[in-house]
Amino acid sequence: MKYLPLFHNLRGSRVLVVGGGEIALRKSRLLADAGALLRVVAPEIEAQLRELVAASGGECLLRGYAEADLDGCGLIIAATDDEALNAHVSADAHRRCVPVNVVDAPALCSVIFPAIVDRSPLIIAVSSGGDAPVLARLIRAKIETWIPSTYGHLAGLAARFRDQVKGLFPDVQQRRGFWEDVFQGPIADRQLAGQGAEAERLLQAKIDGEAMVTTGEVYLVGAGPGDPDLLTFRALRLMQQADVVLYDRLVAPAILELCRRDAERVYVGKRRADHAVPQDQINQQLVDLAKAGKRVVRLKGGDPFIFGRGGEEIEELAAHGIPFQVVPGITAASGCAAYAGIPLTHRDYAQSVRFVTGHLKDGSTDLPWSDLVAPAQTLVFYMGLVGLPIICEQLIKHGRAAETPAALIQQGTTVNQRVFTGTLADLPRLVAEHEVHAPTLVIVGEVVQLREKLAWFEGAQGQI
């Protein structure tokens, strides 16, 4: 081990920073966040650095460095572009046995700064010992995606109850077992879900010896339009801790593969007028699985609250007192339009956008047509393929120009994406001619003409 990792309490301690430029500013921000009192020495000091020092109760010395500047300082930072000066500062600090860091010069350092993941009070440090700082930063970036920001709140919860638990369990092994149970169970789940008051109530009940009810939880997760890279960090984390996954037809196989390997997978997909599993049965499955203590991911394509019937499902959960979380996803309109190079709004073409379902609960296409032909408006139709001839006919009948630019986006955001553009009157012909099938999004509006300039993503199937 080249360096021993330690965490230094700098709160209220004087730290000397030699240098007044951008590098000194970056180091000083980190030190100020840790509560250090800054003493910055340089002939010239950037305005932002001066403001930072003033806000932290430190001092700026507009002159060259002198060894006496080390007096009373518990840490020294040399952050200038003068190698000789940096070496001089390092030698002075070593002679006084004061920890010193020289930026980009590991050989002159007695301490080095790691790459930091801050989930205060939880802190994770990654270091390559100065040999590969870029690699350390890349690893930190990966850890940032694995550890949610709410883990800091979880550590804070433990801190508030630490003394109670220590009094209850004098034995170290007992305390460790208690906290392991807390951090891997429903108490942690409540805190990570942002339900701090409920987490505190459950933890106090556990300390008081009350029996824990083993109700599971349901995570209603939006899987986005198809590209796995469009999943949120939160969605991925919950998918990887679920015991059971109930998934729809529109969830891409590549996304399903990101779920926990040993999770039970249950297909509950639906097509128009062909529901593999009726909605009320899906609702009951969610309730039953949660009551059995399972952590259940209900995985839906796009966003669960935009034509996804997510509201119906969590109404049922709420009626049975089942804990749930909702994780929004990128809806098909946003994702598919972006990957097709079609901005849904544009100052010159559309000041509003309207998301419309292509068929209603009873299977009809009875829509408020007079509202849908307003000028400077983009229309996006979900599930509109079957009713497309009626949609085009009614829009034209109610005043939308037959030559209005329009697009069909099949399997948007995936390698199988196909995009067909034409006019509103052309759409039914394009569907028949190119054998377009679901899932396909329909966009109507002047913004479609921008695709010719803005298209950037080309799926394996090409576009017309």
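Placed from the backbone N, Cα and C atoms, the Cβ positions cover glycine too.
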Record-annotated S-adenosyl-L-methionine site (Swiss-Prot): member among Met239, Met383 besides Pro225, Gly301, Gly302, Asp303, Ile306, Thr331, Ala332, Gly412:
Met383
Starting from the Cβ centroid of Glu22, Ile23, Pro43, Glu44, the recorded NAD(+) site, name every other residue in that chain with its Cβ within 8 Å, sequence order please.
Gly19, Gly20, Gly21, Ala24, Ala42, Ile45, Glu46, Leu49, Ala79, Thr80
I want to verify one value. Collapsing DSSP to three states, which class is Pro225 (S-adenosyl-L-methionine binding site)?
coil
Surrounding CB atoms that lie within 10 Å of the CB of Lys270 (active site, proton donor), all protein chains
16
Rounded Cα-Cα span from Gly412 (S-adenosyl-L-methionine binding site) to Asp248 (active site, proton acceptor), Å
17
Whose Cβ lies within 8 Å of the mean position of the Cβ atoms of Pro225, Gly301, Gly302, Asp303, Ile306, Thr331, Ala332, Met383, Gly412, the S-adenosyl-L-methionine site, other than those residues?
Gly224, Leu250, Phe307, Gly308, Gly329, Ile330, Ala333, Gly335, Cys336, Tyr382, Leu441
